[in-house]
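**Student:** Per TrEMBL, the feature domain 'Acetyl-coenzyme A synthetase N-terminal' maps to 46-100. Residues or ranges marked as domain 'AMP-dependent synthetase/ligase' by TrEMBL: 102-236, 239-438. According to TrEMBL, the feature domain 'AMP-binding enzyme C-terminal' maps to 499-578.
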């Protein structure tokens with residue numbers, strides 16, 4: 001239930017991010033229709049303060065007015081951050097699928113719900129709310145007939161397409177949980193997620209299509225389920241005409257689910273396998289009766305103008321993409337943007353990682369013609385929806401490039417020092433935490449609530465720890481500075497360094513490894529692997545690189561492959577044997593003055609070896625760049 005609340009509310013932020021900022025006269029109703037009922041609230045800043053100081057009244061109004069309830073709630077919240085107890089709208093009962101579909105079908109059945117921007121440029125397909133409801137109900141009935149019941153978890157391994165959306169909504173409709181796995185994950189990574197979710201049913205397609213290339217999703221599922229004894233059935237839809245081998249476990253979905261019509265084919269800019277796709281491609285827009293675009297392709301297929309061609313054809317008003325894609329397209333030049341009509345655009349958003357100033361300014365100046373506000377939004381899987389963003393704000397309020405800036409309604413961020421104390425002054429940096437709960441936040445980790453407590457509530461008792469560092473400017477604006485834990489954000493995809501190290505260490509030639517993130521012009525963060533070989537191993541660096549990349553691609557995904565591999569005789573460690581990743585980061589960042597006290601190292605001379613090895617890699621890279 002909680003994702004529907006936060007998506008329904010915060011989706012209005014994305015839909016109206018630029019609108020309020022351009023109005024000369026703007027009442028509180030422009031930010032929130034329910035706001036006029038809050039006595040004494042006359043501006044955006046007063047509304048934000050009210051949302052924090054009287055959060056129960058605020059969220060009660062949102063819950064009552066934005067959602068359709070089967071049974072009304074009797075308690076707005078019962079939360080205690082010191083214990084990690086998060087309970088909202090107790091006693092209430094609703095169905096997310098009904099809120100996203102049925103109530104809109106009753107009022108506007110022929111309004112377009114989905115626009116599927118297929119990989120094949122110019123072949124978009126539109127689905128109305130009535131059609132999406134019909135597809136969802138048919139698939140829900142299939143799941144019921146196949147024995148899926150309330151409380152079961154269905155794994156969805158599909159490209160971003162209308163049927164994937166229907167699968168998510170069908171699960172919600174019948175009371176099953178969905179485990180949406182990014183379709184770029186390998187068989188091993190998929191199998192691990194199926195086992196964690198204890199799924200008995202998997203939904204997939206024969207092939208995925210992206211950037212003119214085909215990926216064998218059904219074959220990946222076949223390999224994955226061999227190590228997943230809980231899986232009883234695999235529902236298979238056809239994205240392409242290529243037949244696949246069907247086993248006794250497999251069910252062809254076309255025999256139940258929907259009939260094809262001339263021109264119908266299935267298939268989004270955020271992939272539904274990630275939280276952005278959940279909240280702002282599926283649940284948020286549909287809960288608000290909006291029209292959402294499903295982008296199946298890549299930013300550069302068939303050419304670097306694909307995004308802007310799509311904007312022109314589909315007349316997109318709000319464009320929400322990743323800084324990685326913006327940095328990539330910037331390098332291709334302005335003409336791929338300016339050749340298309342982008343006059344329908346009102347707001348440009350970025351999500352997934354901090355956006356650098358150069359990319360922000362190009363996005364604003366070229367893509368938005370200098371008239372569209374660019375909003376750098378900060379949030380996480382754990383928060384459910386946007387928490388800090390430049391908009392909504394007072395009319396004509398400034399937007400600072402590369403800063404998330406203003407806390408959203410109901411959000412109370414704080415910065416903590418290394419001693420666990422709240423930093424109250426501005427112009428300071430610290431660990432970003434949240435001082436009070438909100439409906440969209442995560443409640444637990446499936447089957448491991450203790451890990452949930454240890455990860456998010458024990459580091460700073462009484463606060464929700466985001467894992468990110470942040471800077472608060474003299475004006476009180478927030479800027480995200482990066483992860484504080486061992487997580488790398490590659491092109492908006494978060495991956496733990498330990499997960500990559502585990503795969504690298506499985507190589508027969510590798511004795512141990514250490515993986516860190518480093519600044520990357522395109523990806524935001526890249527993967528830098530330090531590798532120590534076993535004794536008497538004779539292997540060429542190119543061969544080792546190919547072998548490690550193949551292993552990481554197979555076990556995790558291609559995006560997790562190391563961008564740089566540095567061989568080392570040893571790694572800098574403490575006397576207790578802990579690898580000093582902090583030191584490795586400083587070397588790669590070329591901040592040798594920031595290495596700090598090395599007296600705790602078992603052998604400080606190991607650092608100099610690492611520095612020399614890194615310098616050798618830099619020289620080699622410079623030689624390659626020379627004509």
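From the backbone N, Cα and C atoms, a Cβ is placed for every residue, glycine too.
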**Student:** Counting by DSSP secondary structure, give me helix, strand and coil numbers for the domain 'Acetyl-coenzyme A synthetase N-terminal' (46-100).
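**Tutor:** DSSP classes over the domain 'Acetyl-coenzyme A synthetase N-terminal' (46-100) add up to 25 helix, 10 strand, 20 coil.
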**Student:** Could you put numbers on the helix, strand and coil content of the domain 'AMP-dependent synthetase/ligase' (102-236), residue by residue per DSSP?
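**Tutor:** When I sort the residues of the domain 'AMP-dependent synthetase/ligase' (102-236) into the three classes, I find 56 helix, 34 strand, 45 coil.
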**Student:** In the predicted model, what is the mean pLDDT computed over the domain 'AMP-binding enzyme C-terminal' (499-578)?
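**Tutor:** Here the mean pLDDT over the domain 'AMP-binding enzyme C-terminal' (499-578) amounts to 88.
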